[in-house]
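Enquirer: TrEMBL feature annotations, pasted as is:
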type: DOMAIN; residues: 15-335; note: domain 'Acyltransferase 3'
type: TRANSMEM; residues: 16-34; note: transmembrane segment
type: TRANSMEM; residues: 54-72; note: transmembrane segment
type: TRANSMEM; residues: 93-110; note: transmembrane segment
type: TRANSMEM; residues: 137-160; note: transmembrane segment
type: TRANSMEM; residues: 167-185; note: transmembrane segment
type: TRANSMEM; residues: 205-224; note: transmembrane segment
type: TRANSMEM; residues: 236-255; note: transmembrane segment
type: TRANSMEM; residues: 261-277; note: transmembrane segment
type: TRANSMEM; residues: 284-302; note: transmembrane segment
type: TRANSMEM; residues: 322-342; note: transmembrane segment
Amino acid sequence: MPNDVTTDKDHPRLEAIDYLRGMFALSVAVYHYATWSDIPLHWFPAQVLSKLGIYAVCAFYVISGLSFGYVYEKIKLDGRNLSSFWVKRYFRLVPLYAVVCVSTICIAYARGKEGYSLSTILNNITLLFGVTDPDDYIPVGGWSIGNEFSFYLIFPVLILVRRAGRLGAIGLAMFALFMSLLYSFHMLDGEETLSSQWPTYINPLNQVPFFIGGLLIAPTIHWGKSISPHSLVRMLTLLCLAFALIPIDSPIAMVTGYRRILLSAITVSACAVAFWCPKTKFVTLNRILSLLGLCSYSIYLIHPLVYNVCWKITNILAVPTLQVPVAFAVTLFVARLSYLFIEKPMIGIGKVVATQLAPKPKPEYRLAERADT
């Protein structure tokens, strides 16, 4: 999830991917706040919001695969570079995640809820729960971070397979399609509720097709040069309309059967089109969306904690109608502070540690150094 692709003069910055990341993080927060606050919505916006709540997270995986596939396409995957990659990713993910875990534990303790076992805490701090037990996460949404970490562990294998020419790409695509069909039609039962099958849904094997989809998109960066910006905008608009208009009648319907396949294809395709899009000419909009992109990881992890605090305060003050707007404002403010004082410094430390393990990349691939900001 927390990726950023910064480029040199030979590789234009992928601004649209930053924008998508920020908007997806915000849409997850909107979905949760609307759900937790029981905001009455007409059936159509409610359906769209529900689908965004699920597939925005899936899109994070696509963006991760795309970003790293683009950045590490030709970098030598030896022991030193791989160590550097994993160290940088660990310092990118863990510091904020650990802070949110501790905060979640403190809030649970203050509410008199049952505490977490030492093994659960250790699994979360190391992110190994993504491999050992994906359902053993502490903060709301933590399962996706465990999945993300598990994808980083297998990334070298996936990128090597993709480098094996057309045959490797076809093999990855077939594996992704097989896993999608397996979970959509067999592992998940459309007659049962999603909540009762949550551990199955959040299994990394059910989510890895999105990461692979991103890897497969990465080499298509040049496609955007042959398509006009207006055509790309039209394509993105049509994909958004298709996503919005696919009908659902329950949460489980979003992640099973033909709807799962269609919504997954649209999600991956939308990320691909955004990947090809040039930077928008609207300066103010650029700044807002870029800021959201930078703070997307913080927005995603912090918004449940902020909501809990704001819910308590607004109820004490007897102003429950201010719950959601106050929570949004505080979330954006705290997310910005979190990026500046937790994420950014730890990214820098991670780079220093990683530099000791691997030599500086060649100039044409120097963008890999900035892939973790």
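For all residues, glycine too, the Cβ spot is worked out from N, Cα and C.
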Enquirer: So, does the transmembrane segment (54-72) come close enough to the transmembrane segment (236-255) to give 3+ Cβ pairs below 8 Å, pairs being at least 6 apart in sequence?
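Expert: The answer is yes, given that the two segments have at least 3 Cβ pairs within the 8 Å cut-off.
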Enquirer: Do any residues of this chain, six or more beyond the ends of the transmembrane segment (16-34), have a C-beta under 8 angstroms from a C-beta of it, and if so which?
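Expert: Same-chain residues near the transmembrane segment (16-34) but 6 or more away: 1, 3-5, 41, 49-50, 52-53, 56-57, 59-60, 63, 66-67, 140-141, 270-271, 274-275, 277-279, 289-297, 299-300, 303-304, 307, 324, 327-328, 331.
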Enquirer: Verify whether three or more Cβ pairs under 8 angstroms connect the transmembrane segment (137-160) with the transmembrane segment (93-110), leaving out any pair fewer than 6 apart in sequence.
Expert: yes
Enquirer: Can you work out the mean pLDDT of the predicted model over the domain 'Acyltransferase 3' (15-335)?
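Expert: Across the residues of the domain 'Acyltransferase 3' (15-335) the model's pLDDT averages 93 on the 0 to 100 scale.
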